[in-house]
């Protein structure tokens, strides 16, 4: 019986070419990753093996099916595949297809040939099984562009991820990152890793998972939970005894030397909070054996830094999918919640923000609860943080210092999401040291700084608020932080008595006036310590707050640092208000007409924002703010002038956008960075040509930066300055890089351009021709935008000189006819809407790198040139609307999107079947297209195929590829009235089907053959009814019947339906609704035939509608159902509506007790031209007062159409009906259904678009009404009382800018763009952009995207002098990506630097063969990297001098002999150098004979000899003899031969282990000395280094118990002589303090060795090595110091390595290895020399 394995590998086991290579590597990789695997490698085909195979498949969780070239040649293989397919369908077996050496289409061709091969067998079953497996998504395909090892890595990663879905959620992806961080560290040293993250983020879980996976590779391992407590209770020896079984009776020294140092130990210290204990403990463990691993977890990054870990991994929160899976598992016991509970679950997921602890606690709190109970949990969570979560996070807060706590609470209450520089300035004004405090909070995971803003996690934020409230209660400072919830007693009274207590303690006020429960006065006379004042309205930012200001001019507190007051109601500031402490003043949309008047002490003021203050006339006072940095006056329409700010040297930003009365260029200082003048009234800049003004402006713009980029860029924007008609000579602005004159409709000419210009925007200008200077002098231009320049007729000659131009936009240039020349490096070319008649074939070579070509709506274009297939990088071709385009000869092979809608083509080229990457093909409105080529059937599944309105199309299913979304027209002319039966069979598994405008006269019942449909579009057809069988579509979610004008009735619809859109069905009269299963969105707009009583009927069944929706909603918090239909109010007198957009209802106690929800009716009148593409919805605000008179409100947005639906054009008045459950009493009244004053509720309704912005006057609410829905009493009409208030002001919500994350930007790159980014990451250290481009152009790398594009994605920076830089954040990100790449890819990227090997490589690998490299070599190199061995690959080195250098610097040379090795003269040159180092330097050489006999190498015979002779024909006889001798000598060295191994993977493991052992032995000696680069100006330093190098050529096998390998007498004498030379060279220098710090360590160490040797009668190398390993007695060191300085010192016993000294109060780590006492003074500086009289400084040469 076969034991159950996790993975079963199925392949043709008689195919030896993959059984002993690819499959063996795949099996070995699975086992190395801890995944049990069964591979059917036994070549026997008896019944017993078949039984074992079937049993293994049945027990496996994942099956990897390998399609190789001869997979169909074995019946056993086919039967195995059939078994896998059956288990997939019956038992849910996860199947991963792998196409090795062939593609999906070739597999299908083999399937068609099975009948010929096996005429009498079960061919049909085999074929179906093979098709089933081959069509699975997520398959892996081998490619000549990547190695087998990379393919193996991807397969194993994919399988592990699939296995991880059932295990610990999110652990696998994070373990992968940890593995690569560990692989960065050489395997022969003591590796260390820190795991850092906030409390509850999963640090312990991740450390435990890493421990479980890695512990099998170590001789001993221990996991110490809660390290601080364990170490305090048990101490060092107690932990050793408990965790590692060390006998405490043994002395410390013997433990370190005999027990620990000889073992590879895995040590995990979990939850380290205090660094002292951990550093002490780890210092003792510094004597662990090579290859040991230490993992430390902590919430504080500085703890990990003090523990001196080599790498730190920051644990990120779970993503949305992982969070939902964890929450659902904890709450509902399954990985995915029910659909009706999805929205509820996502609320918890969003709140937890990826924190596993919060997700699990919230999930467990919901376990076993009903949906109604779950609602209460949500409300409780919104009001009160869970105690379990709070206790866990509060302990971290308690560990903060006092100032850190203060800064944290200020950030939580006032500065969350604010600019970090602004926050630090405000905090500094309060006496804090903000930079230190914020950095400490970041290190302790309390705050993060993202995109230069201070962010606080939701959980941490709630903890901070709870601490504020609790702390206030404890210390009696209940008013220290004031918001809308506790502001009434402070603000609502007109007078405040001085005797009142608490006012002086108020530190911050944060008032959202839309939430104020009262209207009253606001006064601040006694709030002497108020520092932060923020007043705003979240609902309507432009509405005046309901606050009244007293007449006292001193109403503003004097200690204010931050004043933010939206819609400030007064016309000026009080004269007596002091600004001496104010750092930031924000008053957007204020009523100010002037500022404070006169002069004020404004030295502290940094920023002022008065945007949209439309009454503001003058701001001259700002010129007296010496330290101001930002002035924002955008939208101040009445502002007529801007003061002279030339003397304000700190001013960086000035924004005068849309200040239309500003007529002249403002006077700003040279320090300006951003100057926004868009939409101003500036008419002329010609005056800048005179005097020094132009020079000043040039200086001003030298430091202008883009708003979203860190790198410095010179920008001048005058966009939409429609009055601007003339310009000065722009050449004078030499530093400009971005010039934007878009929309300057009167601008006809520009005299010249700056040479450094990179982006030029001239769209919608009156320019008639492109200036020739642009082509000949502006060589750095990257983007030129001249869209809609209707006067432009042609392009100038010389465009090819613009070698960096990547984007050229000429769309809308309707008079542009001829294009004779284009830049050679274009990536994007836009010519849509131009008058071009032909596309010259001569331009194809110029456009060889183009990625996007847009020729849409070129009405005169008649054809494309032959040779389009040469555009190998073109991925998007747009030809839609080219109505004269009839013929396309060929197409680029790498096309992804092809748009041919509305063209006159009659047929597609047969080559379209070769477009393997094509996923979108648009052929709609191709009225002359008659048929599709048969080759299209070979295409991979398309995402979209649009054949709408192809009226002449005659072929349908026989040539169509598989497609996810099909929008076809009916095909054969005779069948236009219906669809053929074969259509339904061919597309039976389709999920989306569009038959838009297919001219169907009726829908056949055969549509039932498509039961998997989720989306069905039958719009614009001629049928009169929908088949009754539509109700059986159990998965159908969306049904569109728009403009089916003949449709008269609708049958009962599927219960799964969520959307029904029947807009424009003018004949529709009868529907058969099931009120218990209505769609969520019901659209009958422009259906004027519907009966008038339909709304009344719907309202009568409202309780049934709501009741059926409640289980699906899970919580009563969302839209239950919505209707849209022509207004029936004129025909239905039963409806009770109130004129206007607001209404009131009365809820009596009986009604409130059974309240379920509300039905909201809105009648809307649309303008004739209404067609709002931004969508339409209604914002409903519900207001009421509680018994105490406090006001409350709730609001909700109702969308009229489902997301993604097209907004139709609506005629006449329409009514919208919404059934809402969000206003349920437990939500609306916070659980108290009787807490409403006078039973009165007010509803206000506003029309908004999908961005929740007011839609304007295009639609008007004429009537509205609210119906109450009760459990038992049915629906009762709302009261028709006159509303107290009319509709609210227009709602404006700021559309927040989305976060730009590096990972999102990187993921959006194409494959070659990603490669370019990684190349730059390896290359850059301040290279000029043009040099970098030249370097990349000289390689075989094709730049898919320009450097400017990468800069636009914030992945790189381009400095003002053209250097390409990568900031630390991006660089760390690139390193993370590189380390996550497969080994072969990392190796390729590393070659970008031009030096293919790092210095002092461990192993040099020589081999030959590209295909051979993909297979054996890639696996071999990956194994070496995993072992922590630094490698250099010989086939990337072309320079002979570099070959010699690299080989000499390598410790071991590995020569992989294959049959074609001697076919390369480069390999033979490498071999000669290797054998030379073997003879002269004793370098270790390890040959590997891969599928070749060693005797053929020695004798140069066989196939190997033929290649050798062929190579020798091109060289002289002497060279040939040297090659032959090198081959003979190398083949005589003992090595591994693949012919003696059954599996390549086993041989690779053996060789890698041998290499690692040899490296550890060779590094025992060399690690004692730190190599120091010598100063060539000092000859003695050069001689000193030469002596050290010559001395350490001593061979050593690493055995402590046996003597060293035999040494000749001459060698020993030479070693002693070398020591003597070193002593003589450095003695005088050291005595006279002439030695710099970098040499002290080596010199001191060598002196000790020399004196030790002199004390002995004979020189014993074995004793010398023992001396190295165990450390040198400290008294020898002090003796030397005594001899050198003459100062007497008492000898201190013990060993320096162990530090048994008197001064061992603190121990810190030196370098990356051994320890040194902190009691020693710091080493002298480089220029100070060595003070012989100072306290001894121990040589760090001991540190490894």
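Using N, Cα and C of the backbone, Cβ positions are placed for all residues, glycine too.
Features of the protein shown, as given by Swiss-Prot:
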ACT_SITE  80  active site
DOMAIN    3-163  domain 'TIR 1'
DOMAIN    192-411  domain 'NB-ARC'
DOMAIN    1399-1559  domain 'TIR 2'
REPEAT    503-526  repeat 'LRR 1'
REPEAT    583-602  repeat 'LRR 3'
REPEAT    603-626  repeat 'LRR 4'
REPEAT    648-669  repeat 'LRR 5'
REPEAT    670-692  repeat 'LRR 6'
REPEAT    710-733  repeat 'LRR 7'
REPEAT    755-777  repeat 'LRR 9'
REPEAT    779-802  repeat 'LRR 10'
REPEAT    987-1010  repeat 'LRR 17'
REPEAT    1011-1035  repeat 'LRR 18'
REPEAT    1037-1059  repeat 'LRR 19'
REPEAT    1062-1086  repeat 'LRR 20'
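Taking Cβ pairs closer than 8 Å, the repeat 'LRR 19' (1037-1059) reaches residues 1014-1028, 1030-1031, 1065-1074, 1077, 1079-1081, 1083, 1202, 1205, 1208 in its own chain, all 6 or more past its ends.
Remote same-chain partners of the repeat 'LRR 20' (1062-1086), defined as residues 6 or more beyond its termini with a Cβ less than 8 Å from a stretch Cβ, comprise 1024, 1041-1053, 1055, 1098, 1101, 1104-1105, 1107-1109, 1119-1126, 1201-1202, 1205, 1208, 1210-1211, 1214. Residues 422, 425, 429, 542, 571, 579-597, 632-645, 647-650, 655 of the same chain lie 6+ residues outside the repeat 'LRR 4' (603-626) yet bring a C-beta within less than 8 angstroms of a C-beta in it. Outside the repeat 'LRR 9' (755-777), and at least 6 residues removed from its termini, the chain residues within Cβ reach (under 8 Å) are 714, 719, 731, 734-749, 783-789, 791-799, 801-802, 809, 1348, 1362. Cβ-based neighbour count (10 Å, all protein chains) for the residue listed as 'active site' stands at 24. Only residues 6 or more beyond the boundaries of the repeat 'LRR 5' (648-669), in the same chain, are considered here, and those with a CB under 8 A from a CB of the stretch are 611, 623, 625-642, 675-683, 685, 687-688, 697, 700.
Averaged across the domain 'TIR 2' (1399-1559), pLDDT for the predicted model comes to 83. Broken down with DSSP, the repeat 'LRR 5' (648-669) shows 0 helix, 3 strand, 19 coil. DSSP states for the repeat 'LRR 18' (1011-1035), grouped as helix (H, G, I), strand (E, B) and coil, give 5 helix, 4 strand, 16 coil.
With DSSP states grouped into helix (H, G, I), strand (E, B) and coil, the repeat 'LRR 3' (583-602) comes out at 0 helix, 3 strand, 17 coil.
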